[in-house]
Structure formats: C-alpha cells, structure tokens
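The domain 'Cupin type-1' annotation in TrEMBL covers 10-146. What TrEMBL records for 41, 46, 51 is oxalate binding site. Positions annotated as Mn(2+) binding site by TrEMBL: 44, 46, 51, 92.
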C-alpha cells in the first residue's frame, strides 16, 4: 500500500513510460491509487489521456466537470468492482467515502498521460502567479490568495 499519511490522504503510484520504458509506443499506462479513510485524489486533469478507473477495494465518490460554458459536474458512487471513465483533459477527482482504506487501479490511454493537479498548478506554480490575478479570478481578497499559496 502506498503511503497515505499526507495532507490529501492518498498516494498515486504511476507506471508510465518514465517508470517502464517498455510502454514506449504502446499508448497505455497505469496508476495505483491508495486512499486513507476520507482521503481524496484532488481535482486534476490528464492532458493527453482518457482514464478508466476500477475500484478494487472500498467505496469512492468520483466526479468530473465538463468544459466551459456549462461546467457541469457528473458524480457517481462506486463500490468494489465498479468502473468509471474520465474523459481526456477534463478535471476530475476521487474521494474515499468508506470507513476503511480504498484502492483503485486506473488505466490511461497514453504512455505519457501527464497530470495537472489544479490546486498545485494554480497556487504552487514556480514562479507564483501574481496575487492580483488570482484574487480577481477567484473573486477573493489578496490575503486569501496569500494564505492558500503558503500551503503550496
């Protein structure tokens, strides 16, 4: 089991072409996602792959958001053996809603799917995105932006 003792309560173990050269040109990769009780795989996207998630153990709330202008949220409760598809490039997430640990395996349609974790990218970029831009985008005070940035 991956170490889930972190701020989000999950651990993703990726197997892409970077970890397994034999995947080169095959157009596939995998990830194992371990969840502590209440743990999340935070909102993220894969710019180069569709993801097919299978729940191995536990209960997960999963969801994705469609693109602008609708930004419609689709969610589903998954149990052991259930499968869900996250379309390429769309923001999606998972949350362990069970009482014990949960485990899922994800298959991705690229040997190099990429991952952009939304909070990390927006609030933890290097260099920082200007505070006034984030404050205006999120319609909050600059102090709120500074507080969030300090966590990344």
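From the backbone N, Cα and C atoms, a Cβ is placed for every residue, glycine too.
Keep in mind that TrEMBL annotations are predicted by a computer and have not been checked by a curator.
It should be emphasised that the depicted structure is a prediction, and the values quoted were computed from it without experimental measurement.
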Roughly how many angstrom lie between the C-alpha atoms of residue 41 (oxalate binding site) and residue 92 (Mn(2+) binding site)?
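Residue 41 (oxalate binding site) to residue 92 (Mn(2+) binding site), Cα-Cα distance: 9 Å.
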An 8 Å radius from the center of the 41, 46, 51 Cβ atoms defines the neighbourhood of the oxalate site; name the other residues of that chain inside it, in order.
31, 44, 45, 49, 53, 86, 92, 106, 108, 113, 115
Under 8 Å Cβ-Cβ from residue 44 (Mn(2+) binding site), six or more apart in the same chain: what's there?
91, 92, 93, 115, 116, 117, 118
Whose Cβ, among the binding-site residues 46, 92, has more other Cβ atoms within 10 Å than any of the rest?
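That would be 46, with the highest Cβ count within 10 Å.
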Using the CB centroid of 44, 46, 51, 92 as the Mn(2+) site centre, which other residues of the same chain sit with their CB within 8 A?
45, 49, 64, 86, 90, 91, 113, 115
Treating G and I as helix alongside H, and B as strand alongside E, what does DSSP give for the domain 'Cupin type-1' (10-146) in helix, strand and coil?
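Within the domain 'Cupin type-1' (10-146) the tally stands at 22 helix, 57 strand, 58 coil.
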